[in-house]
Amino acid sequence: MRILIKQDENEIAYWTADYLIKKINDFSPTTEKPFVLGLPTGSSPIATYNELIKRYKKGDISFKNVITFNMDEYIGLPEDHPESYHFFMNEKLFKYIDIPAENIHILNSNSDNLENECIEYEQKILKYGGIDLLLGGIGMDGHIAFNEPGSSLTSRTRIKSLCYDTIQANSRFFENDASQVPTKVLTVGVGTIMDAREVLIIVSGYHKARALREVVEGSVNHMWPASILQMHQKCILVCDEPATAELQVKTVKYFKDIERISTDGNHQ
Ligand SMILES: N[C@@H]1[C@@H](O)[C@H](O)[C@@H](COP(=O)(O)O)O[C@@H]1O
């Protein structure tokens with residue numbers, strides 16, 4: 001696990017967008033061999049999406065041969081609801097870039113057969129050869145996508161019930177009214193995330209400090225689902241200073257030293 005500690009959210013966004021652009025450009029995606037990108041919603045990736053849009057407008061990147069798979073979606077919201085993840089992705093990223101509509105994949109939580117939708121989503125990912133890079137965030141309780149505490153660490157795409165903490169946390173998007181937050185979702189599984197060839201997680205803000213501590217210094221445990229990332233062969237956590245507040249001083253120093261010593265910025 002590589003841990004990068006940036007000053008703030010803006011530095012995270014700049015670094016993350018730059019890293020993604022380099023990855024995609026180095027891959028030289030074509031129609032026959034597209035780059036497969038996993039994408040999150042939530043507040044964590046917004047600044048990065050803004051940076052990606054800026055860089056797209058400068059001509060640094062094209063998304064024509066990028067296939068995207070979003071991680072999750074609420075059940076019970078129409079796609080045009082302002083808090084649906086379909087709506088979010090279009091508003092925050094897709095409508096500003098050159099990605100073809102048919103390259104975008106988001107779980108259809110309005111399907112008549114949700115279980116089948118989940119199975120087909122996994123099959124579609126496989127059809128494209130798996131996810132090359134999955135960008136994500138984590139919840140305050142250590143959830144990843146919508147894999148809440150107690151999720152099987154080998155889970156696949158499925159229907160999931162949200163826990164009280166997540167409903168409370170996400171009520172900020174629903175007029176601070178927890179009763180408006182859907183209680184069920186579709187989400188890729190922890191196993192689906194672990195199958196991505198590379199995982200890049202944004203952790204920003206003091207409110208994520210406890211989760212970051214559990215994920216980095218705690219043991220692998222289903223009550224902190226993102227802790228499984230310790231087992232991933234190529235995972236980067238891009239954090240800001242406030243998010244590191246509960247890490248041990250020696251942990252912060254250890255990871256900062258690695259970044260300082262490795263001047264080519266290309267280590268694992
Ligand atoms: N389902 C999403 C996750 O995909 C997201 O990573 C996480 C953190 O959200 P935020 O970035 O807003 O803190 O919780 C949400 O509920």
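The backbone N, Cα and C atoms fix where each Cβ goes, glycine too.
Unlike curated entries, TrEMBL annotations are predicted automatically.
Going by TrEMBL, these are the annotated features:
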type	residues	note
ACT_SITE	Asp72	active site, proton acceptor
ACT_SITE	Asp141	active site, for ring-opening step
ACT_SITE	His143	active site, proton acceptor
ACT_SITE	Glu148	active site, for ring-opening step
DOMAIN	8-233	domain 'Glucosamine/galactosamine-6-phosphate isomerase'
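This view paints the features noted in TrEMBL onto the structure.
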residue: Asp72; record: active site, proton acceptor; Cβ neighbours (10 Å): 22
residue: Asp141; record: active site, for ring-opening step; Cβ neighbours (10 Å): 19
residue: His143; record: active site, proton acceptor; Cβ neighbours (10 Å): 27
residue: Glu148; record: active site, for ring-opening step; Cβ neighbours (10 Å): 23
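Among the active-site residues Asp72, Asp141, Glu148, the residues whose Cβ lies under 6 Å from any atom of ligand 1 are, in sequence order, Asp72. Cα of Asp72 (active site, proton acceptor) to Cα of Glu148 (active site, for ring-opening step): a span of 12 Å. In the three-state DSSP scheme, His143 (active site, proton acceptor) is classed as coil.
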